[in-house]
Amino acid sequence: MQHETKMENQSWLKKLARRLGPGHVVNLCFIVVLLFSTLLTWREVVVLEDAYISSQRNHLENVANALDKHLQYNVDKLIFLRNGMREALVAPLDFTSLRDAVTEFEQHRDEHAWKIELNRRRTLPVNGVSDALVSEGNLLSRENESLDNEITAALEVGYLLRLAHNSSSMVEQAMYVSRAGFYVSTQPTLFTRNVPTRYYGYVTQPWFIGHSQRENRHRAVRWFTSQPEHASNTEPQVTVSVPVDSNNYWYGVLGMSIPVRTMQQFLRNAIDKNLDGEYQLYDSKLRFLTSSNPDHPTGNIFDPRELALLAQAMEHDTRGGIRMDSRYVSWERLDHFDGVLVRVHTLSEGVRGDFGSISIALTLLWALFTTMLLISWYVIRRMVSNMYVLQSSLQWQAWHDTLTRLYNRGALFEKARPLAKLCQTHQHPFSVIQVDLDHFKAINDRFGHQAGDRVLSHAAGLISSSLRAQDVAGRVGGEEFCVILPGASLTEAAEVAERIRLKLNEKEMLIAKSTTIRISASLGVSSSEETGDYDFEQLQSLADRRLYLAKQAGRNRVFASDNA
């Protein structure tokens, strides 16, 4: 059993060796080299991509930090003003001017519009509306015991607002809007008749309504974006606001309005002029606010599908990046603004940059290496193929008879020995047939050697067509052939020999114009069944002796024993 397994393994290895010829080995080697070179290039591309993404995030982070610091400064001022307002509500200053302001408020509170002004150079005026107008608002109320303190606190905050407001700040307007029907603003109201309109414009804004105790339970700083109406000449603004509370009572809202154009200008100033890419600012609902591109402020606006992808990515982290077609979009949420800063870097900008140059060089190197590898593969593959064809041709010529295309004597003996050994191992019969054409010399002498060659080729074809798939035939001399039949008994071999004899004798062949001949053969058969001997040379010798017995008996017959 072990011997059978070993023979099967050897047969399998030989089949594999035949299939994996030199050409396949060359192909495999070049495929491995190409695969590893591509993997190395891909790894370099991955490292380069990581460096590119880190670079994009660093550039974005620098601008985001600069914008955040500026916005933080304004938020800190707003918190400072709220703290000052709370202190003034609890412990107002005991100044005569402030007491006079309270008295003046009591005198004018029923008027449709009124203004209380102490000193124009030091503080801001308090503008207000009547009790009747206040009573019409759902969120408005003057029914609080600290109304007088709120008036004086508003005047004190007006002093701080004047000091805090300057032209270099991003803030265009800072204001305190009270639920009690008055406001203080760094933007003056030129005519008193415009006070009601302006006040109701304040208290109907989201940045005021959004600070009710139901809307803003944590009483935190909030950001709001106001988009202008189509018929309005006003520009979009971002408002940061904070509620003013004391003793669990909501007095009003402190706010600062920042025009979007000033944020756009700040973005342009904060960007390195040598860097490509567009920076865009969005609010918390991903509504576009402004862009750093002065020529095309809406050049890279995202469509709804892209905005949905961006919003989905932002749900999981405060910063990140995503590829959209030929653009790489990096984003980072701001700490002191309820929004997100986005950087859009297009493919053309990336190609012009340092990473683009490195990528192009890397691609060209890979393409050059691959081209050289393919050329080398083609040359070597062609050379190996030609050598393999030449080797196969030489091997075939060394193993075969070129006239009959059967195995020659040496090849037949090489084939016969392992087959005989295999049959002996498996205890299968092993038979041999010797074939000799009758009167072949006469054909040569009468019709010439070319006719003799045709007869040999014709006979070889008929012999081959009479054999089984596992049988082997060869030409062992002049007009003499030998057939090896592994696994065939003496009787089966005799039947094959008879089939060969009949085929040879039945068919006439054309030798020359209008000349046909019919050939015959004498055949001798031997088998290992007779003596238990698997020696091929002995079996061939026995079959050869029986062949001559057939010739002596009159030719054109089969002898499978010495007595037949």
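Yeah, the Cβs are placed from backbone N, Cα and C, and that goes for glycine too.
Copied from Swiss-Prot, the annotated features are:
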ACT_SITE  Glu479  active site, proton acceptor
BINDING   Asp436, Glu479  Mg(2+) binding site
BINDING   Asn444, His449, Asp453  substrate binding site
DOMAIN    428-563  domain 'GGDEF'
SITE      Lys441  site 'Transition state stabilizer'
TRANSMEM  20-40  transmembrane segment
TRANSMEM  360-380  transmembrane segment
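Overlay of Swiss-Prot annotations on the structure.
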residue	record	Cβ contacts under 8 Å, 6 or more apart
Asp436	Mg(2+) binding site	Glu479, Glu480, Phe481, Ala521, Ser522, Leu523, Leu547, Lys551
Lys441	site 'Transition state stabilizer'	none
Asn444	substrate binding site	Ala451, Gly452
His449	substrate binding site	none
Asp453	substrate binding site	Leu403
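Counting same-chain residues at least six beyond the ends of the transmembrane segment (20-40), those with a Cβ under 8 angstroms from any Cβ of the stretch are 366, 369-370, 373, 376-377, 380-381, 384-385, 387-388. Those same-chain residues not listed among Asn444, His449, Asp453 yet with C-beta within 8 angstroms of the centroid of the substrate site C-beta atoms are Ile443, Phe447, Gly448, Gln450, Ala451, Gly452, Val455, Leu456.
Shown for the domain 'GGDEF' (428-563): DSSP residue counts in helix, strand and coil, namely 63 helix, 39 strand, 34 coil. Using a 10 Å Cβ-Cβ cutoff, Glu479 (active site, proton acceptor) registers 20 neighbours. Mean predicted confidence for the domain 'GGDEF' (428-563): the pLDDT average there is 91.
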